[in-house]
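Asker: Dumping the structure here so I can ask a few things about it.
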Amino acid sequence: MGETIADVYAESIDPEIYANNPAYSSLFTPYIHKQTIIADHVSVQCHIDLNGIDAVGSKFGNLNAHAGNFTSLCAPNCLPERLALVAYTVEYAFLHDDETDNAADQEALLLENKMLHQAINQSSMTSVSNRVSAKAQRKSEVQAKIAAEYLRLDPVFGEFFLKAWQTFTASVQDVRSLEFPSLDDYLEFRIVDAAADWTLYNFRWGSGITLTPEEEKIADPMSYVAYAELCLVNDLFSWDKEYDAHVKSNGEVPLVNAVHIVAVTQGLTHCAAKAVVQAEIRAHEERFCYLKEQYKATASPSDSILSWLKLLEHSMAGNWVWSLCVPRYFKVERNPYKDHLEKFGSEAVRVLTPEEHLRDSKQEINGTKEIELQEPKSNNTAESDVLAKYTSGYPTIDEPVLNPYTYINSLPSKNVRQTMIAALNSWYKVPVKSLLIIEGAVNFLHNSSLLLDDIQDGSVLRRGRPVAHQIFGVGQTINTATYLMNEALYLVQMLSPSAVLVYTDEMRNLQLGQGRDLHWSYHTHVPTPAQYISMVDGKTGGLFRLISRLMRSEATVNRDLDISQFATLLGRHFQIRDDYQNLQSDDYTKNKGFCDDLDEGKLSFPIILSMQSPGFSNTALSSVFKGSQKGETLSPEMKQYILEEITARGAFSQTKAVLRKLHIELLRLLMETEQKAGGIENWALRLLIMKLDLGDEKKKEAHKSDSAWKVNQRRAWKGSQKNGRPIDKACFLRAMEEASQK
């Protein structure tokens, strides 16, 4: 497989493009994807999405009229169904790199990467008011589109890839202030700074290549050599452009380039330093070939590793031939982006769009049929009730000073509600003043509910920290919570009378929903799934509907766009997922304690389903929950017993099936709402839905730390033989020089 992979989707490019060019001296033959038009389309689409159609071609990334698309050249065997996303992501990375490279001060650089990190992670977000400009809104949508699509196509890789992306953004803001005593020290960091590892992980996934942890470790030295070669080639061809930017900015734009490092550390002119970098490139390619042949000579070389090595060869050759005459580095007569847009039009390039089949609720998000759930019966309505239309009608009961608020507001947060506000503003275009009022009111209400929840549930931890009432006392915490409710109302009154009606309506829903939950837990009354979902619609869905209804009441466009059903289903998904994770997630154990819902005597969704399973006695479980109401903390052994009972009754599996059904319906409703909103795609909401999906819960692959590349560097250059003894890299370079002179 490793030797034939080039024949799947790749074809060789015309040798006339590079063979007679003295600047091309790679040992490898370049290929290009047969469907490179897909990569070209989405490269232009990224420009339109990010800056509008008039700005297409104002900056340069993938497209190269001379040799071809960067992604198509470096990943010529990318699976066609993944090529669009891979190329779109690389295009955005190019444009983001331009933003950071041109940042004339550290503060601007930090801001660019902070915004990217927040958009991907949807956490620690700054105020919504910082993201209401057209440019910021477009950028946020593009970032969310990328993240959501990876999570949709492959949740396990998507989570890993997004974490690797965050590592990349963090490294950029760190490395630019460092000095490097040698080229090897520089390359260790440059691999991450230039996103070489991140980009190749993307190409590997796109090409359908998977390595086990053991295979990854075997391939690491060869991967390092290839990554370093890619960085060196990039630095060599981009040197003139980067040096010009450095000079024009009077040194404010830093030089992060191998040519500069060699010149400084070895006391050479820039011309001589470029020659050294060229020699280093050849040395790394030679070393790659040597290590590859060594591996192929082992007893049973892995096809996966050989395929990965072939991809690395393609990437090295593709990067080189692309760099020969690319608009990013050199002036060209014609703009390939403008030419492509003129030839194909703006509609043709819109390749990366939401999946059309989601309009049919009977289909799964990934193209397979939806999980067939049992038709609801009179004694088991969980799966039908979960998609039922929301009906209001709760009676009123709302009672709403500042240290507990300051404390809980400082704790880490998933920022789901703030994310939702920013996302909905794509549709409603709420004035900034109103947007800030809504954001403040929702923040007050959310934190108020958390303070009261922790008291009412008897919680010990909140997000891994002590709960507020253990620090400030129960009385003060209650006083703060009620004060926050009043402050939220005070803010809402600044909007309009209709906004106040929305507030009071949803506060009724929220408080009665919470009251039902407390009543059931205290009296150990097991509700039906339908009753539970009705409670969730008030307790959790109320705040989501409050956001959507307040924003709709203040909207400047799409005032007839009602997303109450979407907000209600989002609340159901959020709460049922929280119930599941509390009993099954290691992260929840770390942040809240081991199955703390059991200590609280909370009758969560999996427990309700388990206690309604036919053929099982509930006597033991009921006794356990009655005991917890007397303040008895359950032992780990007792909790394990309960978990085993829930598992045996199939309640966890049924809960996951319900969550999956909600996930699919939320995505379908989102597409339906996007059409009603004039075709405005809301990728921030789509990303929020994807991040809430439990996925297949496969074991997540750990990302390498920066220091790991130093280890791989040593492994890559260890063991080369000359005259029967090991030699270091310097000797290896000298040996090459001697060989070239013979």
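Glycine too: its Cβ is placed from the backbone N, Cα and C atoms.
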Asker: Quick check: of His446, His519, which does Swiss-Prot put in the same isopentenyl diphosphate site as Lys414, Arg417, Arg463?
Answerer: His446
Asker: Return the residue out of Asp97, Asp154, Asp303, Asp339 that Swiss-Prot annotates for the same substrate site as Arg190, Ile191, Val192, Asp193, Asn234, Ser238, Trp239, Asp240, Lys241, Glu242, Arg328, Tyr329.
Answerer: Asp97
Asker: Do you know which of the binding-site residues Arg462, Lys539, Lys602 has the most other C-beta atoms within 10 angstroms of its C-beta?
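Answerer: Of the binding-site residues Arg462, Lys539, Lys602, the highest Cβ count within 10 Å belongs to Lys539.
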Asker: With every protein chain in view, what's the tally of Cβ atoms within 10 Å of the Cβ of Thr540 (dimethylallyl diphosphate binding site), excluding that atom itself?
Answerer: 24
Asker: Roughly where does the region 'Prenyltransferase' (333-742) sit in mean pLDDT, to the nearest integer?
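Answerer: It averages 79.
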Asker: Determine the Cβ neighbour count for Gln575 (dimethylallyl diphosphate binding site): the number of other Cβ atoms within 10 Å of its Cβ.
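Answerer: A 10 Å sphere around the Cβ of Gln575 (dimethylallyl diphosphate binding site) contains 22 other Cβ atoms.
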Asker: What are the sequence-distant neighbours of Asp457 (Mg(2+) 3 binding site), meaning same chain, six or more residues apart, C-beta distance under 8 angstroms?
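Answerer: Expected: Glu600, Lys602.
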Asker: Let me know the DSSP-derived helix, strand or coil state of Asp453 (Mg(2+) 3 binding site), please.
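Answerer: Where Asp453 (Mg(2+) 3 binding site) sits, the three-state DSSP reduction gives helix.
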Asker: Round to the nearest Å and give the CA-to-CA distance linking Asp453 (Mg(2+) 3 binding site) with Thr540 (dimethylallyl diphosphate binding site).
Answerer: 12
Asker: Just counting, how many other CB atoms are there within 10 A of the CB of Asn582 (dimethylallyl diphosphate binding site)?
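Answerer: A count of 21.
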